[in-house]
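Look at Swiss-Prot and you will find Cys46, Cys52, Cys55, Cys92 tagged as [2Fe-2S] cluster binding site. The feature domain '2Fe-2S ferredoxin-type' is assigned by Swiss-Prot to 7-111. Residues annotated as phosphoserine in Swiss-Prot, with similarity to another entry given as evidence: Ser3, Ser117. Residues or ranges marked as N6-succinyllysine in Swiss-Prot: Lys6, Lys98. Among the features that Swiss-Prot reports, N6-acetyllysine is placed at Lys6, with the record citing similarity to another entry.
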Amino acid sequence: SSSEDKVTVNFINRDGETLTTKGKVGDSLLDVVVENNLDIDGFGACEGTLACSTCHLIFEQHIYEKLEAITDEENDMLDLAYGLTDRSRLGCQICLTKAMDNMTVRVPDAVSDARESIDMGMNSSKIE
């Protein structure tokens with residue numbers, strides 16, 4: 001495929017390290033993480049079936065405003081995510097567009113899997 005069908009995405013991982021990768025327009029951010037084997041711990045546990053909240057990402061404001069409207073299903077799942085912000089979405093629901101080229105998304109410090117009641121985040125009670 002030609003390079004113009006790809007966009008660059010920067011993921012700021014939990015440890016603050018930036019992972020820069022490319023994804024195909026139309027792929028979800030979960031696809032991008034999986035296909036590029038990005039080392040984001042626990043990301044995408046349910047493989048995009050909207051059964052967990054591990055692909056929770058925090059977007060830049062100007063990107064967030066252009067995202068597709070959120071569905072009730074995604075909203076319900078986001079409610080279960082730790083460190084929820086007003087710019088949070090689930091990566092499995094967000095598909096790449098050319099407008100997202102070179103965007104930066106942040107992986108929240110704590111991850112919760114809605115399928116488990118186990119507290120995986122060390123500081124989940126702290127609100128940023």
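Backbone N, Cα and C atoms are what each Cβ position is placed from, and that goes for glycine too.
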Lys6 (N6-succinyllysine) and Cys46 ([2Fe-2S] cluster binding site), Cα-Cα, nearest whole angstrom: 25
Minimum Cα separation from Lys6 (N6-succinyllysine), reported as the residue among recorded positions Cys52, Cys55, Cys92, Lys98 that achieves it: Lys98
Which of Cys46, Cys52, Cys55, Cys92, the listed binding-site residues, has fewest other Cβ atoms within 10 Å: Cys46
Alpha-carbon spacing, Cys92 ([2Fe-2S] cluster binding site) to Lys98 (N6-succinyllysine), which is rounded to whole Å: 17
Modified residues (Lys6, Lys98), the one with most neighbouring Cβ atoms at 10 Å: Lys6
